[in-house]
């Protein structure tokens, strides 16, 4: 019988392993193409904001409720999304400066979340060291972004996205191996 706490890992570890390997490979490709990954990330983010703004604008104009008090604010937010997204798509090089600082905030949030998760795993007696190291690396990378800004803005987004993908890939591979071991233990006991 499997320990109840170990059931929190997925049983289908093969897909988890495949996802981890894919993220690891994509991350390594991203390291090799930092500048292009930076521009692609900025353009994609801009395109998503632009499309989102267009849908919000359509919704605000197409809604039939006459007494909707939030319509003006909804339309204003839609226009902000459209302008912001359009600027990023139109001039992604300029967009890297502000998005570099946003990426630093993202890495801080992810790093703190991983450290918190590692602490939770440690309290349960699970393996936690790799998750903690991943969180500390995320915090270190965020510090490097802020320290090197604005000079590093044109390659750092691509590099850090690639590194984050590789860290996540390794974590998923480790999780898949743990789930595989638990699955094999259960088969032996059955």
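Including glycine, each Cβ sits where the backbone N, Cα and C put it.
All TrEMBL annotations are machine predictions without curation.
In TrEMBL this protein carries:
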type	residues	note
TRANSMEM	12-36	transmembrane segment
TRANSMEM	42-61	transmembrane segment
TRANSMEM	73-90	transmembrane segment
TRANSMEM	96-117	transmembrane segment
TRANSMEM	129-149	transmembrane segment
TRANSMEM	155-179	transmembrane segment
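Between the transmembrane segment (12-36) and the stretches 42-61, 96-117, 155-179, it is 155-179 that has the most C-beta pairs under 8 angstroms. Stretch with the most C-beta contacts under 8 angstroms to the transmembrane segment (73-90), considering only 42-61, 96-117, 129-149, 155-179: 42-61. By the count of Cβ pairs under 8 Å, the stretch nearest in packing to the transmembrane segment (96-117) among 42-61, 129-149, 155-179 is 129-149. For the transmembrane segment (155-179), the list of distant contacts is 9-11, 13-14, 16-17, 19-31, 33-42, 96, 99-100, 103, 107, 110, 127, 130-131, 134, 137-138, 141, 144-145, 148: same-chain residues at least six beyond its ends, Cβ to Cβ under 8 Å. With a cut-off of 8 Å between Cβ atoms, the residues of this chain six or more beyond the transmembrane segment (129-149) that come close are 97, 100-101, 103-105, 107-108, 110-119, 121, 156, 160, 163-164, 167-168, 170-171, 174.
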